[in-house]
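Novice: Before anything else, here's the structure in question.
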Amino acid sequence: MTTSNLVLVGFMGTGKSTVGKKLAERLGWQFQDSDAVLEDEQQTSIADLFRQYGEAHFRTLESKTLESLLAQRGQIVATGGGAVLAEENRACMLRNGFVVALKASPETIIHRVSADINRPLLQGNLEERVHTLLEQRKSAYDFAHAMIDTTELTTDQIVDLIIQQANL
Ligand SMILES: Nc1ncnc2c1ncn2[C@@H]1O[C@H](COP(=O)(O)OP(=O)(O)O)[C@@H](O)[C@H]1O
Ligand SMILES: O=C(O)C1=C[C@@H](OP(=O)(O)O)[C@@H](O)[C@H](O)C1
Ligand SMILES: [Mg+2]
């Protein structure tokens, strides 16, 4: 395909980071996880950034990181689940890549994220937080070029589907 980047969006726990890495390995493309790049740039964790400077500051840094990542070509880019909330980020993704949204049932998301207790937006009652945020973001991922429900799929099956749907 002629598309320059493949961008993964979706709620926390839908598998963007895991699937993105596998997809990049399969295709021999470069993999970039915007959260990991940001942590590298800032020399601290996402959780720490939220704690020290708050979400608004994190969002500003996230937009800058995405913009500079997407100025490059030939990469699989896994975004953070909230990157789609800013219109400028959505436009940047659509301009610079084929955007695939991953989704999953609330129960699956809760199960998957419970392995990592560090996500700052999921502190407190996990079930309640996931349901509240899913409700707030229910249409947030609809702008993508393609959507894959990962609930019943292995990461290898998701990789196959993305390759098919993005014509890679
Ligand atoms: N299709 C899948 N089936 C089973 N477990 C998965 C699947 N996709 C992701 N996971 C697991 O769910 C957790 C969250 O995945 P992650 O890639 O960090 O999601 P995201 O980046 O979208 O928040 C990880 O432990 C990962 O191994
Ligand atoms: O949904 C969100 O707002 C967030 C998702 C996280 O990434 P993952 O979706 O990879 O967990 C990370 O960017 C940060 O904790 C905020
Ligand atoms: Mg991730």
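Cβ atoms are placed via backbone N, Cα and C, with glycine included.
Unlike curated entries, TrEMBL annotations are predicted automatically.
Because the structure is a prediction, the values reported are computed rather than measured.
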Novice: Same substrate site as Arg59, Gly81, Arg137 according to TrEMBL: which of Asp35, Asp160?
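Specialist: Of Asp35, Asp160, Asp35 joins Arg59, Gly81, Arg137 in the substrate site that TrEMBL records.
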Novice: Arg95, Arg119: which one does TrEMBL list with Gly13, Thr14, Gly15, Lys16, Ser17, Thr18 for the ATP site?
Specialist: Arg119
Novice: Using CB atoms and a 10 A radius, I'd like the single residue among the binding-site residues Lys16, Arg59, Arg119, Arg137 with the highest neighbour count.
Specialist: Lys16
Novice: May I have the list of same-chain residues other than Gly13, Thr14, Gly15, Lys16, Ser17, Thr18, Arg119 whose Cβ is within 8 Å of the Cβ centroid of the recorded ATP site, in sequence order?
Specialist: Gly10, Met12, Val19, Ala78, Gly81, Leu102, Arg112, Val113
Novice: What binding-site residues among Gly13, Thr14, Gly15, Arg59, Arg119, Arg137 have a C-beta sitting less than 6 Å from any atom of ligand 3?
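Specialist: Near the molecule: none at all.
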